[in-house]
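**Q** Sharing the feature lines straight out of TrEMBL:
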| type | residues | note |
| --- | --- | --- |
| DOMAIN | 83-148 | domain 'GINS subunit' |
| DOMAIN | 177-231 | domain 'DNA replication complex GINS protein SLD5 C-terminal' |
């Protein structure tokens with residue numbers, strides 16, 4: 001019986017050790033991606049326009065969630081520390097919340113600026129394939145609804161979703177993001193003098209880790225090149 005007892009104890013000890021190593025290894029791998037994704041979420045939340053969809057990062061985040069869930073299901077019935085398992089579950093919940101919040105923000109922007117995104121190649125290419133499908137379906141449904149309920153009842157010459165009248169020279173009925181809105185941003189490196197207007201009358205000297213309140217338009221390229229982050 002003593003040998004059986006020692007054997008059982010050794011088995012559980014090995015499981016605990018394997019679990020702790022697996023947990024530590026995967027947690028270290030996931031933490032960097034989660035931190036990056038948290039910055040991506042903050043940027044998306046603060047930016048007035050839709051930002052590029054990072055396919056590889058989102059794929060890794062989803063894979064890490066699946067791995068963590070699989071690890072939990074494997075070790076839930078074992079003699080593992082319940083507190084450790086609870087903390088692991090909490091990490092999964094936090095990551096899932098972050099993922100849902102990020103995708104929800106992007107869907108709201110797609111619905112708000114769907115026509116503008118569809119007509120702007122640079123913005124269209126920022127969407128994932130699923131987002132492109134969603135945007136196209138959304139526009140099709142919206143056009144059909146507007147034609148049946150509103151446009152068909154208007155006088156000739158005013159039945160367009162894109163222009164106030166057929167005599168208009170440009171599509172002036174398409175909502176676009178306000179790129180001159182103010183955002184909070186932090187420089188990730190010494191950028192130096194940044195010109196804020198076309199005439200060069202407004203200039204700011206951007207230093208590493210300093211916080212600024214600036215219009216989005218002049219800093220958008222810095223955001224795209226990962227030299228600043230929004231907060």
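Here the Cβ of each residue, glycine as well, is placed from N, Cα and C on the backbone.
As the structure is a computational prediction, the values presented were derived from the model and not from experiment.
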**Q** Within the domain 'DNA replication complex GINS protein SLD5 C-terminal' (177-231), what mean pLDDT does the predicted structure show?
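**A** Per the prediction, mean pLDDT sits at 94 for the domain 'DNA replication complex GINS protein SLD5 C-terminal' (177-231).
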**Q** By DSSP, what is the split of the domain 'GINS subunit' (83-148) into helix, strand and coil residues?
**A** 60 helix, 0 strand, 6 coil
**Q** Per DSSP, what is the helix/strand/coil residue tally across the domain 'DNA replication complex GINS protein SLD5 C-terminal' (177-231)?
**A** 9 helix, 22 strand, 24 coil
